[in-house]
Structures are given as structure tokens and as C-alpha cells.
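*Asks:* For reference, the structure I am asking about is given below.
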Amino acid sequence: MDQGTPHIVLAGGGTAGHVNPLLAVAGAIRDIEPTAQVTVIGTAVGLEKDLVPEAGYELDTIEKVPFPRRPDLYMLRFPAKWKRETAKVRSILETRHADVVAGFGGYASAPVYATAHKMGIPIAIHEQNARAGMANKLGARWADFIGTVYEGTGLKPRAGADVERVGLPLRPAIASLTKRIGDDRAAVRRESAAQLGVDPNRPLVLVTGGSLGAQSLNRAIASSAADLLAHAQIIHLTGRGKISEVRELVTASAGADVLTGIGPESAGQGDYHTAEYLERIDMAFACADLVICRAGAGSVSELAALGLPAIYVPLPIGNGEQRFNAEPVVNAGGGLLVADKDLTPQWVHEHVPDLLADHERLAEFGRKAWEYGIRNAAEIMARHVLQLAEPSK
């Protein structure tokens, strides 16, 4: 073991929402302290199994240990499974000579928090949601530092813990875009527009419901194509398996001639650009004047960091978690919040064209979003993690 090298173990995964911030902080740690040994504990079934090795980090895997939520057979098996996986975590932390553990939520985090606490290893937590998940609620009991994206997450830190709103560590493509648009937003817009086949000199609305799409959002926007196209171009990312219905609704509203795809070959072919998914969504962000989307924590944080006005349509499930994600930036003046049940073609007709025509209001939304957004969250979080590693070097 190199006594002068910080050994940092990051824990979390399952979804991109957990893995992307983890990898952003890992990269920031290496930027600040190139000698740091950074490894990750995750599961063999989450996105981390591919994304972590691809990013150049070693991944140690444990099984998922979700907390039981009802009295059933799993509840009876849970204690033995928890004991087995925490023993595995102890072995990993000993082998990795962990000086500090930083968790990002998800199934892998809870046993890592519990084991690190018993071993006396400092703990840092990052909570990206407005309402914290169960793993981070557990870890908050022992954490030395808690970084959040929102105030009022429901976490209950121990006495003496440091809690700070650090923001969401951004994906590399988005972090790079925040810097580039800060230097010359118009130039970045022109470059991205050429790649997407859109007109850089005409307003653009980006519509996205995520990789799976959002049926209510798709239908309300596509059915309003004629109203919207009078004021702007549209990039509509429909989600997998939903593009045919969107194109049919657009055709019924504005005619088939307005439809085209996304890419340089689409330039001049039509103003309603459709695709199921766009790998380089940062390019669409660079061209957008308004975004209409769900209100996942990642989406809200990225749009705020980029200073993009948005109409947020929270997913109508659970306890309204997505609404809590969007409320702070909307209350700060960075966009609008619309309930899923209220997003109808009539609502779009009555509100969106007027917003697109009111350039000053749209610009003010963008300014307020930029002021609310945090662009250096990965660096802030990384410095706190490295600071916790110092006493154990």
C-alpha cells in the first residue's frame, strides 16, 4: 500500500442517474489528485457493470440487497443476505485499503455505508433527488459529508456532519457544453445546428420524454405541430417505439411535408425533426430556445446548468418526486411546471406559441435558470471526498 496515495472507493449504481454522477466525481478526483486510487463498488446487473470499466475504473461487485418493504418470504431471507453482502464489502474495503467511501445511492450503497461505518472509514454521500432514497437515508446517519442537489431532501445527518447543496455532477458532454456556451453560445449553436440539420437562426423547441418517451407529452406536442411551427422548429425525441404515432399526429396537424429526421442530410427538408433517441443530446441542448420534458433530477439539473428555459411535465407516479425536482428552479424563475393531466393540445395552443413570441420572457427564464444552476458540482464533491481521505493517509 502506498501511504501517500488516497484510496477512494465510490459506491452506487443501477441507473444512469446514479452512475453518471459517480463517474463525474471519479473524473474530478483524478483531475485534482492524479495519484488517487479510485475504485467502484456496484452490482453486476446495473449500468455500472459496463459504464464503470469503460470509463477506466475497476469495479467490485456485490449482489443487490434492497430493503424489504412488506412482510413476505424475502423479508425472512433479508438478514442472511445482508450479512453475506456486508462481509463481502468488508473484504473489498480491506483489499482496496479504503481511506474514504463516497456513495451515490442505489442498491450497492447501503451495505457499503453500514460496513464503512463499522470499520471507522469516513463516509461522503451525494443525494441527487429532492426526496432521498432509502440507501442514502441510512448512510446519512453516519456520513461525515452530505452533498445534495436540493434543499430539504429528508436526510437526517448526524451531529457534526457537513451538509452542502453542491449540485449535480454533470456528464462530461454536458459539463463541456456549459463551458463552451459560456465562451460563445452563438458559435456552439451554429456548429451543433449544422450537425443536426436545423437552422441556427430560427428558434427551436426540443421535446423529449427520455429514452422510453412520454406518451402524453408526445401526443400533446405532436397534435399542436401547426401552432408550434408558426413560431419555431421542433426536435422531437419520441422514445423507443413511439415515433410512428408522433409522425401520424404531426401529419394530421401540419401535413407530411413538415416532417424530417435529424442529421446534416435533413437540412432544408422540413422543420419538424423526429427521432426515437439522440445520442448527442448536448447538440440539441446547444440549439434549443425552449425544452419541453419530464422532470427527472438529471434533466432539471442539466437544463439549469445550461441556462435553458423549460416547461417541466413531471411523471405522474409515486409521491410526486419529479414535481419536487422541478419546483425549485421554477420557483427561481427558470421555467414552467405543468401537471401531466393538464398538458393537452389545448394547453399547448394557449401557452407555448405566446411564450415563443415573448423573447424577453424566454430570455429571463434562461437567465434565472443559469443563476440557479451549478456547473462545478463534480469538483466541489471531489474536493470534499479528498479532504475526508486526508486524515487516513
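Heads up, the Cβ atoms here are built off N, Cα and C, so glycines get one too.
Remember, predicted model here, so these are calculated numbers, not experimental data.
Relevant sequence annotations retrieved from Swiss-Prot are reproduced here:
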type	residues	note
BINDING	Thr15, Ala16, Gly17, Asn129, Arg171, Ser211, Gln322	UDP-N-acetyl-alpha-D-glucosamine binding site
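In the displayed structure, how are the listed features positioned relative to their neighbours?
*Replies:* Under the DSSP three-state reduction, Ser211 (UDP-N-acetyl-alpha-D-glucosamine binding site) is assigned to coil, being neither helix nor strand.
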*Asks:* Using a 10 angstroms cut-off on Cβ to Cβ distances, just flag whichever of Thr15, Asn129, Ser211, Gln322 is the loneliest among these binding-site residues.
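*Replies:* Relative to the other binding-site residues in Thr15, Asn129, Ser211, Gln322, Ser211 has the fewest Cβ atoms within 10 Å.
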*Asks:* Roughly how wide, in whole Å, is the group Thr15, Ala16, Gly17, Asn129, Arg171, Ser211, Gln322 that binds UDP-N-acetyl-alpha-D-glucosamine, by largest Cα to Cα distance?
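*Replies:* Result: 20 Å between the two most distant Cα atoms.
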*Asks:* So for Arg171 (UDP-N-acetyl-alpha-D-glucosamine binding site), how many other CB atoms are inside 10 Å of its CB?
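*Replies:* Excluding its own Cβ, the number within 10 Å is 19.
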*Asks:* Which entry in the list of binding-site residues, Ala16, Gly17, has its Cβ near the fewest other Cβ atoms, using 10 Å as the limit?
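*Replies:* Sparsest of the binding-site residues Ala16, Gly17 by Cβ contacts within 10 Å: Ala16.
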